Amino acid sequence: MSVSIYKEYFNPSNPNENIPLRDPILCKQNPPELTIALKSSDTYVLVVMVYGINVTSEFSIFAFGPGTVAFKNISYPPVIRKPYSSATQVNYSSELTTNSQTYSRDCQKSNYYYETIQMHVVETGYYALSSSSKVNTFGDIYKDDFNPMNRFENLLKHDLICNFEDFHFAAYLHTGTTYILVVTTRYPNMTGNFSILASGPYNITLDPHTQVLTSCFVGQKCQFYKKSIGVTLDDILRDEIRPNMTMADQTILLKINAASTMTMFVGGFINSLCSLLTFQNKDLRQVGCGIYLLASSITSFLTISMFTVKFWFVVLTQMDLSIRLSVVRGGCVSIEPLLKLCLYLDAWLNACIATERAILVFKGIKFDKQKSQRIARWIILILPFCIMSSIIHEPIHRELHEVNTETNKVDINRYCLTRYSPSIQQYNTIILFFHLVAPCIVNLCSALFIIFGSAQQRSTAQTRRTLREHICDQFNEHKQLLISPIILLILSLPRLIMSMLSECVNPSNHRLLFIFGYFISFTPSMLIFIVFVLPSELYRKRFQETFRRR
């Protein structure tokens, strides 16, 4: 028996003229049930039809609700319609096996085997779908795509249970639209053969559909959370860490990452210590450049330290699930923003060094050292607040979510996620580009200005040589100023690319590549001494003198 409800009127000659408020409910053997919200000021037409051709039957209607429902029989003249041709009926047969994909249909158990079938219609209209099997199949129709992590996303037609029969329903399908029919069972862990009969006024095609599972969500069953754009260290290591096991029982890859992290920490400490020994000399801090380099020596060590803290926080909180929730939540909210603060501050200090050198070339003998010192101190004081204000949205939108595991209700999985609205996500992308790319551009432009500016000044004083010859000389003399920002930009690109990747990218498919890209993006914080001290004869001499005195 089929039940439909229309608003205002029903035209039996053209049922598609007025779309029903709810798609018809078809129950082959048992009476259907319909729940719908109705307004007292409107008129509704309830259409009851038997399942099959030339079949009659008695029926009763029971209505329940907050008010009284009045029924009035409406007689329509008989309508003679040409029966559907054989081309309007399509049979599809398949089988659910233990190799079929599974999902959680009822948010309680996730082992429901299912198959996805793609449907296309050549003309818009009502189409009936019925299943026949021995395993009591259950069906849903989705528009465009089916997401097994969120079975309500894109849901178009839901199978209404008719006392646990195979599904039978009708749906109004539009031409040019892709529909996905999901066939599963009413009980978990059931397998078996099934067949589907699709009929309607026009041709309909049913084709097997390969479901492409994505990593847009994390979680289990109906405890899922949509990831934000970008790949983080949490995403890279999440499936690599074995919970409730010691470091000795972890994978070789995780042990190598731990050793690499500590190696980078030691290298960063030595780099910062050597730089501090160099720039603690007051003679080198008579101009702003020396002050910037001293501050950069400190921030580079803070960056590599926060990187180490981030790595061990992710590892330990996944290894030891007994760590207090408040500790995990505090680290989730604070560590990543602090790491970005140190990373961006280090990059902008390098840009300030390049800008100071360019101003020195431009001013020449008119360069004011006292003013340069004052400006440098103010910038170092203000810059952290400016950077933090630009990324303040991160700790606000970072959340910790807990999901119970299916095997043990006591064990939990913890997910540290950033969830942005579209406008905040757009702002975050702009800020990311600005802090990672802008300092490199400033470095590059300053280096070009130093080369061409110095060449112009020398060509004015030494007229016997051409400007082009002076440019070549200056390029050979200051080529490290061009090479350094280019190297820093290349090293920053992996982090920029990973931050822009789709939320549906699964890092486990190329874990080594993601780990290498993430780790290498922090190597600029280990190169302050190599980039700025070793190429300079003055800085190198001061370092040697200080080191001998120690």
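Any Cβ shown, glycine's included, is placed from N, Cα and C.
Same-chain residues lying 6+ beyond the ends of the transmembrane segment (252-279) with a Cβ under 8 Å from its Cβ atoms: 237, 240-241, 285, 290, 293-294, 296-298, 300-301, 303-305, 307-308, 311-312, 315, 511-512, 515, 519, 522-523, 525-530, 532-533, 539, 542-543, 546-547, 550. Annotation source TrEMBL lists transmembrane segment at 252-279 (among others).
Under 8 Å from some Cβ of the transmembrane segment (291-316) lie the Cβ atoms of residues 233-234, 237, 241, 254, 257-258, 261-262, 264-265, 267-269, 271-272, 275-276, 278-280, 284-285, 323, 331, 335-336, 338-339, 342-343, 345-346, 349-350, 352-353, 356, 373, 376-377, 379-380, 522, 525-526, 528, 532, all in the same chain and six or more residues away from its ends. The annotation transmembrane segment is assigned in TrEMBL to 291-316 (among others).
Using a Cβ-Cβ cut-off under 8 Å and counting only residues 6 or more beyond its ends in the same chain, the transmembrane segment (375-392) has close neighbours at 288-289, 291-292, 295, 337, 340-341, 344-345, 348-349, 352, 356, 431, 434-435. The annotation transmembrane segment is assigned in TrEMBL to 375-392 (among others).
Annotation source TrEMBL lists transmembrane segment at 430-455 (among others).
As annotated by TrEMBL, transmembrane segment applies to 481-501 (among others).
TrEMBL lists 513-534 (among others) with the feature transmembrane segment.
Long-range contacts of the transmembrane segment (481-501) within its own chain (CB-CB distance under 8 A, at least 6 residues past either end) are made by residues 229-231, 347, 350, 354, 357, 429, 432-433, 436-437, 440, 443-444, 446-448, 450-451, 475, 514, 516-518, 520-521, 523-524, 531. Same-chain neighbours of the transmembrane segment (513-534): 231, 233, 236, 253, 257, 260-261, 264, 267-268, 271-272, 274-275, 278, 293, 296-297, 300-301, 303-304, 307, 343, 346-347, 353, 480, 484, 488, 491-495, 497-498, 507, 540, 543, counting only residues six or more beyond its ends whose CB sits under 8 Å from a CB of the stretch.
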